[in-house]
Amino acid sequence: MLNKPVLVESLIVFSIVLCVHAVVWDRYSWCAVALAIQAFYVQFKWDRLLQQGGAVFQFRTTANSGLLPASVVIPLLGIAMKERCKAAGIVYFERFGVVVASTGMLIALFLSVIAVGITKPVPTNTCILTGVAGSIIIYTMKHSLTVSEVIEVLEVLLIFVYLSMILLYLLPRCFTPGEALLVLGGISFVLNQLIKRSLNVIEGRGEPIDFFLLVAVIGVVILGLFFTVLFIFMDSGTWISSLFFHMMTAVLGLGVIMPWLYRLIRRNPLFWLLQFLFQTQTRVYLLIYWTFLAASACGIVFYQNAKRSSESKKHQASTITRKYFHFIVVATYVPGLIYDRQLLHVAAVLCLAVFIFLEYIRYFRIKPFGQTLRYLLSLFLDERDSGPLILTHIYLLLGMSLPVWLFPRSCAPKGALSGAGALVPYAGVLAVGVGDTMASVFGSTMGEIKWPGTKKTFEGTMTAIFAQIIAVALILIFDSSVNLNSSYAWILVSVSLVSLLEAYTTQIDNLLLPLYLQIMLMV
């Protein structure tokens, strides 16, 4: 029997795909539509494998596979980037968008082939659909990509395969197949870009803040893999292991990551970072303001844990309590988007590195703070944190930051896109900070009419749409760089579709919703 919420989720995703290609229709559109159709059918094979325990790795069991909504994200991002850069006449980044789209399609197709291959008995019709979609994609790539671009796509696919085998084995129940596609596919692409730019520094394109992002992401991943392997042979909870952890972190940071970044930006990374952070008075004020907000977030964590100690050991933070952090994140990002987006870009990278490093300390029980972090953060766990890692706060940061990091600055005249594209950097704020928060708060407190097959409410979704429209109006008032050029109908359609997706998806909405809203706004 087909799962009705999954069918509705698929219908929403198909609507987004068709809306995008109604605006941008070219040879890649056939590939995206074919990929979406075959992913829809393969998704049910993945769901059956997860229910029967027949998947190769242990995936998160509280959600469906999410293959369809995840499969089309990277291809649509690449297509949207290609069209924006083509309109701006930037050939290099137009080709980069084509590579991104092709890579996303090939990775999604690979996951589909895996599901079809391990399903018993072999699903003949799904195999035919996957074969047809694969043929269309490969034929289009053959006539669209240069030899060097084909090699780059295959490199990313190879990295994805090996990275998946390692991380999905080491981190059971942390991802659904769709989430693994997005997260590991993104890491694979970043790693390939970093290797490519490190080998061609003279020909490399990009600003220091772009290199900073690449090195920081790969640096923390390498750090995690190193200590995961190391602590197989050592007890990570002892003082000797903890001292070794801190020493090796310093060695890897100063001996590998810093020289790597120096090679890319051609200057001392620490001096560059300090000069960048304190370059203007506005940046100093923003840093002071963000420090106050960070202290407030820590205060909420300590206060809620104090309540748990005084009330009951089984006390868990409510949905509304967890949304306090969404309000704090919105208060953090909006001033950065208005006054200094480059500073926000770098600060978000630093914050991501700190979050992941603290998660390593919690996971490995590194003294003196490992056990304390385990106790403090256990209060905010929900059903999505079923694996050994706590990732929801990292996903929240990623959801807010990805539209800022992925904003095609080189293809935007004077740093801003026209029309609905001007709201692209605000996609995380709108989808997660405003929409998801309002839907959750109002839906859990005042919602009565539930969407069929879900716990989400009609009132919550309508409140989310209304709140995002108000937020867009406020952005127009306070951010002079935003000029929508009468694209209000498209914004309303985009916000409505993404809000409906939030009501029906069981994937990590903090990660998925901003990407879909960014795609809709960018085209």
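Here the Cβ of each residue, glycine as well, is placed from N, Cα and C on the backbone.
Small disclaimer: the values here were computed from a predicted structure and weren't measured.
Annotated features, as they stand in TrEMBL:
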{"type": "TRANSMEM", "residues": "12-41", "note": "transmembrane segment"}
{"type": "TRANSMEM", "residues": "61-80", "note": "transmembrane segment"}
{"type": "TRANSMEM", "residues": "92-116", "note": "transmembrane segment"}
{"type": "TRANSMEM", "residues": "122-141", "note": "transmembrane segment"}
{"type": "TRANSMEM", "residues": "211-233", "note": "transmembrane segment"}
{"type": "TRANSMEM", "residues": "239-262", "note": "transmembrane segment"}
{"type": "TRANSMEM", "residues": "283-303", "note": "transmembrane segment"}
{"type": "TRANSMEM", "residues": "343-365", "note": "transmembrane segment"}
{"type": "TRANSMEM", "residues": "386-406", "note": "transmembrane segment"}
{"type": "TRANSMEM", "residues": "426-446", "note": "transmembrane segment"}
{"type": "TRANSMEM", "residues": "458-478", "note": "transmembrane segment"}
{"type": "TRANSMEM", "residues": "490-517", "note": "transmembrane segment"}
Within the same chain, where does the transmembrane segment (343-365) have neighbours whose Cβ lies under 8 angstroms from its own Cβ atoms, ignoring anything closer than 6 residues to its ends? I mean 6 or more beyond.
209, 212-213, 216-217, 219-220, 223-224, 227, 231, 236-237, 245, 249, 273, 276-277, 283, 286-287, 290, 333, 336-337, 371, 373-374, 377, 388-391, 393-394, 397-398, 400-401, 404-405
Here the stretch out of 92-116, 386-406, 426-446 with the most C-beta pairs under 8 Å to the transmembrane segment (12-41) is 92-116
Count, for each of 92-116, 211-233, 239-262, 426-446, 490-517, the Cβ pairs lying under 8 Å from the transmembrane segment (61-80), and report the range with the highest count.
92-116
Pairs 6 or more apart in sequence, C-beta under 8 angstroms, 3 or more of them: is that satisfied by the transmembrane segment (386-406) and the transmembrane segment (92-116)?
no
With the transmembrane segment (239-262) as the reference, find which of 92-116, 211-233, 490-517 contributes the most Cβ pairs under 8 Å.
211-233
I need to check the long-range neighbours of the transmembrane segment (211-233): which residues 6 or more away from its ends have a CB within less than 8 Å of a CB in the stretch?
166, 170, 187, 190-191, 193-194, 197, 241, 245, 248-249, 252-253, 256-257, 260-261, 264-265, 269, 273, 345-346, 349-350, 352-353, 356-357, 360, 364, 405
